[in-house]
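Peer 1: The phosphoenolpyruvate binding site annotation in Swiss-Prot covers K24, N25 and rests on sequence analysis. According to Swiss-Prot, the UDP-N-acetyl-alpha-D-glucosamine binding site annotation covers R94, R123, P124, I125, D126, Q127, D307, I329. Residues annotated as active site, proton donor in Swiss-Prot, with sequence analysis given as evidence: C118. The 2-(S-cysteinyl)pyruvic acid O-phosphothioketal annotation in Swiss-Prot covers C118 and is backed by sequence analysis.
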Amino acid sequence: MAQEVIKIRGGRTLNGEVNISGAKNSAVAIIPATLLAQGHVKLEGLPQISDVKTLVSLLEDLNIKASLNGTELEVDTTEIQNAALPNNKVESLRASYYMMGAMLGRFKKCVIGLPGGCPLGPRPIDQHIKGFKALGAEIDESSTTSMKIEAKELKGAHIFLDMVSVGATINIMLAAVYATGQTVIENAAKEPEVVDVANFLTSMGANIKGAGTSTIKINGVKELHGSEYQVIPDRIEAGTYMCIAAACGENVILNNIVPKHVETLTAKFSELGVNVDVRDERIRINNNAPYRFVDIKTLVYPGFATDLQQPITPLLFMANGPSFVTDTIYPERFKHVEELKRMGANIEVDEGTATIKPSTLHGAEVYASDLRAGACLIIAGLIAEGVTTIYNVKHIYRGYTDIVEHLKALGADIWTETV
């Protein structure tokens with residue numbers, strides 16, 4: 001069967017500007033959250049990625065009028081109807097689990113297929129389920145392909161998350177906005193995307209306090225009205241382009257960025273010796289290799305993002321000694337390692353830690369196992385000698401708006417082919 005591949009001829013120096021898209025991890029929660037509104041919602045600044053289109057079509061399955069035009073989405077929930085969603089759309093997208101919290105909040109009942117997305121080892125939704133149960137929901141998991149969640153009444157509850165989880169924090173917020181009384185989430189995730197979703201819900205009339213701290217309080221309301229809302233910029237896309245610029249850029253400028261959201265990466269760049277100039281909503285970066293070797297450990301926000309440990313890896317081949325990358329969030333998130341070895345990389349992984357030694361990469365045929373692995377392989381291809389061919393690029397398109405066109409505009413020798 002024919003498939004699209006990305007091809008890169010490495011060695012070009014990049015320069016120019018990139019406008020960073022809206023945050024994928026906000027958009028995939030805010031779009032399901034629109035079904036909680038009674039009336040019209042307009043979202044602006046959405047990323048133009050396949051996940052957004054999938055979620056919009058799930059809204060349409062609930063008889064919601066939804067019009068997606070570029071980065072804008074208009075939603076009218078006036079004729080909303082509950083419906084079962086155990087279908088292939090749900091399976092293709094992990095963030096479809098936000099439909100659970102939103103539908104539970106709106107209808108007190110939902111039947112939904114089990115979510116898919118990037119295969120990153122164990123990513124259970126037990127904390128989500130714990131939260132739903134605390135609010136009064138009963139869960140039927142007897143089916144292997146779908147889940148039924150139902151509540152006679154949703155009542156506020158005190159919920160302590162056993163582990164910090166962005167998905168569970170947001171999903172509980174979605175389910176709790178219409179619950180009677182107060183819901184308190186302890187050990188809540190502090191990510192900017194959690195704050196963004198809370199701000200969106202608040203713009204519709206929800207009563208949420210403490211988003212961005214470890215304790216979030218939600219006082220249930222009777223109704224949420226329509227709203228217009230602008231999604232925050234994507235800190236992971238920004239971080240990926242920062243890594244691209246540090247690898248092979250000369251005067252690359254990134255616009256529409258919140259510097260505070262990428263502070264940990266900027267600090268790591270200072271350690272490496274990358275030239276970084278931070279302004280209000282833009283960052284300028286120059287390649288300044290060879291770099292200093294560093295240690296990186298992923299942590300929950302505001303620590304180093306797990307989503308950036310793969311994109312930063314190719315930079316470490318340009319360092320003057322061995323670097324170590326430990327992923328404490330997803331210790332199995334190292335499927336890119338074998339692909340990098342095909343390109344001549346001196347890299348080994350053992351129990352969640354990669355040892356990365358200075359290497360000269362050459363073009364090869366490689367396979368993107370997940371979204372951020374795909375970003376890593378693109379950066380590796382940009383600095384490699386010869387042509388790199390990346391297969392399974394659908395993962396890359398799930399999270400990066402027009403990445404091939406953006407890189408072409410910066411001067412990269414990159415193109416797509418059908419094989």
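Yeah, the Cβs are placed from backbone N, Cα and C, and that goes for glycine too.
From a predicted model like this one, the values you see are computed outputs, not experimental measurements.
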Peer 1: Give the number of CB atoms, excluding that of N25 (phosphoenolpyruvate binding site) itself, located within 10 Å of its CB.
Peer 2: 25
Peer 1: Mind telling me which of the binding-site residues K24, R94 has the densest Cβ neighbourhood, counting other Cβ atoms within 10 Å?
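Peer 2: The largest 10 Å Cβ neighbour count belongs to K24.
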Peer 1: Could you state the whole-number distance in Å separating the C-alpha atoms of Q127 (UDP-N-acetyl-alpha-D-glucosamine binding site) and K24 (phosphoenolpyruvate binding site)?
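Peer 2: Their Cα atoms are separated by 22 Å.
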Peer 1: How far is it from N25 (phosphoenolpyruvate binding site) to P124 (UDP-N-acetyl-alpha-D-glucosamine binding site), counting Cα to Cα, in Å?
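Peer 2: Pair distance, Cα basis, whole Å: 18 Å.
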Peer 1: Where D307 (UDP-N-acetyl-alpha-D-glucosamine binding site) and K24 (phosphoenolpyruvate binding site) are concerned, what is their Cα separation in Å, rounded?
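Peer 2: The separation of the Cα atoms works out to 12 Å.
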Peer 1: Return the residue, from the listed binding-site residues P124, D126, D307, I329, with the maximum count of other C-beta atoms within 10 angstroms of its C-beta.
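Peer 2: Answer returned by the neighbour count: D307.
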Peer 1: So what sits near I125 (UDP-N-acetyl-alpha-D-glucosamine binding site) in its own chain, CB-to-CB under 8 Å and at least six residues off in sequence?
Peer 2: Y97, P115, G167, A168
